Amino acid sequence: MKVLIIEDNPDHAELARLALEPHFEVCLFESGKGCLQYLKGLAGNDWPAAILLDYSLPEMDGLAVFERIRERGYNMPVIMVTGQGNENIAVEAMKKGAYDYVVKSGNYRAVLPLVIYKAVKQYEMEREKTKLALELERLVITDDLTRLFNRRYFYQKIEEEMIRAKRQNGKLSLILLDLDNFKKYNDTFGHLEGDRALKEAGRIILSSIRDKVDSGCRYGGDEFAIILPGTDKKHASDVAGRIQRSVREKKMGNVGISAGFVEYDHESNIKDFIKAADDALYEAKKQGNC
């Protein structure tokens, strides 16, 4: 593990280096600017495990350097170093997000490795906790079979986008889709093949919409919904057409997909907006538009 030491006093820098080198790869910097320049040239996987940051530095003090580190997106643990009598500065640093602080005292050299290890361990635990929370959030809003968003997420997202479109006087369209002849296909070829058809429909939908802009959702058993922010009805029609062509090209028996699409009028409530798309889907199925 690599640790950066930012310390302008040569004697104190050497003391810290001697304390840490048996345990870590150490890089020394005399100023915050030098360290920030070094970090700028690193890829994320080359970031140091921790930074030992002295408060009394030329040009920028330790608190200013710490703020620059965080502003630029470097979130590794930072341990503030202060002289005796300046503990209030270290406390201020911790309020801003520093992991710990060390006072330059008689046992300074002895405690440094332990403080670094503790900060790195805490950081890793927090990262893992965040990762697990994000994964749990993903599972809560994702349909297991198709990897599309689920119905719960659909209602949450459509309401958010309706509010945004109305506030910004922007475009918003909604597509509802339904697999045609799916029940017959499922009964004829079995549930495993039926699941494969649903997965394929989900894959086609995801590949036909804008990543991190549009939202593809599994709305029901063989029903799907697509929320298209910033999109008018004409472009919604184009998206629906691409999906329909792709489903036909897959030749899953005679399974097709019907689509109904509407543009938000900034007046309808959520129930009426969805009903308008559902009515358009009903008309498409009635006309055999699949």
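Glycine is no exception: its Cβ is also placed from the backbone N, Cα and C atoms.
TrEMBL annotations: computationally assigned, not manually curated.
Model, not experiment: these values are computed from the prediction.
Mapped onto DSSP helix, strand and coil, the domain 'Response regulatory' (2-119) counts 54 helix, 26 strand, 38 coil. The domain 'Response regulatory' annotation in TrEMBL covers 2-119.
Per TrEMBL, 4-aspartylphosphate is recorded for Asp54. Asp54 (4-aspartylphosphate) has a Cβ environment of 25 other Cβ atoms inside 10 Å.
What TrEMBL records for 170-290 is domain 'GGDEF'. Mean model confidence for the domain 'GGDEF' (170-290) is a pLDDT of 95.
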Tally of residues which DSSP labels helix, strand or coil - the domain 'GGDEF' (170-290):
61 helix, 28 strand, 32 coil
